[in-house]
Amino acid sequence: MVPAGQEITTPCPTKCHCAEISLCLARLSIHFSTAESPVTEPLPHCQAAETLADDQLPAGFRFGSTACGIKPSGRPDLSVIVADRDAVAAGVYTRNQVVAAPVTWCRGLTPTDRFRAVVTNSGNANACTGPQGEQDTAQMAAEVAQRIDCEDRQVLVMSTGVIGHPLPMDKVVTGIDAAVAGADHSASAFRDVATAFCTTDQYTKMHCTTAKLSAGTIKIAAIAKGAGMIQPDMATLLSVVVTDAALPIAAAQKVIADAAAASLNRISVDGHMSTNDTLLLLARNEGTACSDAEDLSVLTDGIAEALIDLGKMIVADGEGATHVLCLQVDGASDDASADVIARAVGNSPLVKTAIKGNDPNWGRIVSAAGYAGPKIDVAKTSLSIDGVAIYESGAPVSFDAATLSGSMKSASDVHIHLTVGDGPGQSRFWASDLTEAYVSFNSEYTT
């Protein structure tokens, strides 16, 4: 445990050289009672957010947010994204058997080509709240629908925060009124929505990019939140991607599922799958059309690029994290086997703590690969950390452990390359290390 009053200095996970944030554990109880970040100042943005311009956002969407009082700190905790007209929406959700009411609501409505809005609250997960939680979710949708003149079932709902507490619906309704009334198409409004998503996050997370289709260039803008309870398998993780590409329903569902498989489903902070994981793709019904399979592939890659960037931010912002484990597994019998091995290594507490201690402990990594399940060829298993070979063809090799440990200590990313045979299977995976601060966050306070 880190003693009360000891400060942890956390660098910006996107390496954009924004100001470092000092976290004082003695103040955590104020915020973690409702799953808030321990940072007491306004949440900083990454460089991409600071330089975001209005014309980088896809047309056809408005963004609004407010602080309605779910969080005692007074931070923003409610937001809306409103489509100007009926749009396409597709979603990928948690595979946890215990799901929050908003997940059930969204699953029943997506994919759709009649989407009009998504409303999100943070600070309260509305999970394990029984029939009341279902009623509150439906009411949130109805309140938004009334204000934008659409049907309740055209509004999606997301929630994130502490599990098991009913929503303060009087505050939520007031917040919806303010968020819808103030919604506009601006970079500042988009940034504010990203802020309103956050719970224990120390940074807002967003990414904007473009993709060139056969009929023209389309825009992609994505936001996400997450720092703990993270191992999506579509953690608590919420993400929304908006684009001005014109997509049919079936194509939209495949695009977001494939993009998730290549990105957010390859990250882990603590191996704990949330009740609320939701990833939504919102696409205009008019605009540049994805006319063929090649266009869909380009769009999928563009969205995956945005989500990989967001996923890395989430891992770097993992509760108490000091390193990001960047895992590459090669040589497995197939990609699925490589993925299982990568997850076993990335989720191993012994591997995570070794990385926290800047210990190039090849034994922990190799043994995790061995118990993962898929067959490996021990005689053809090799391992390097940050480009330094430490285990080759089933045996350790001589290397300067002190020098490698020093380079690990000075770097925020630790690159682990593991070869387990000569098969075609490969996988990438990103995970955070495991620190005393993570234990303190999650043992002393409710999150």
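The backbone N, Cα and C atoms fix where each Cβ goes, glycine too.
All TrEMBL annotations are machine predictions without curation.
TrEMBL has this to say about the protein:
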ACT_SITE  T236  active site, nucleophile
BINDING   T199, K225, T236, E319, N442, T447  substrate binding site
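When secondary structure is read from DSSP and collapsed to three states, T199 (substrate binding site) falls in the coil class. All protein chains considered, the CB of T199 (substrate binding site) has 28 other CB atoms within 10 Å. Within 10 Å of the C-beta of E319 (substrate binding site) there are 26 other C-beta atoms, taking all protein chains into account.
Under DSSP, K225 (substrate binding site) is assigned to a strand (E or B) in the three-state scheme. Here the Cβ of K225 (substrate binding site) has 28 other Cβ atoms within 10 Å, regardless of which shown protein chain they belong to. Annotation note: E319 (substrate binding site) sits in a coil segment as assigned by DSSP.
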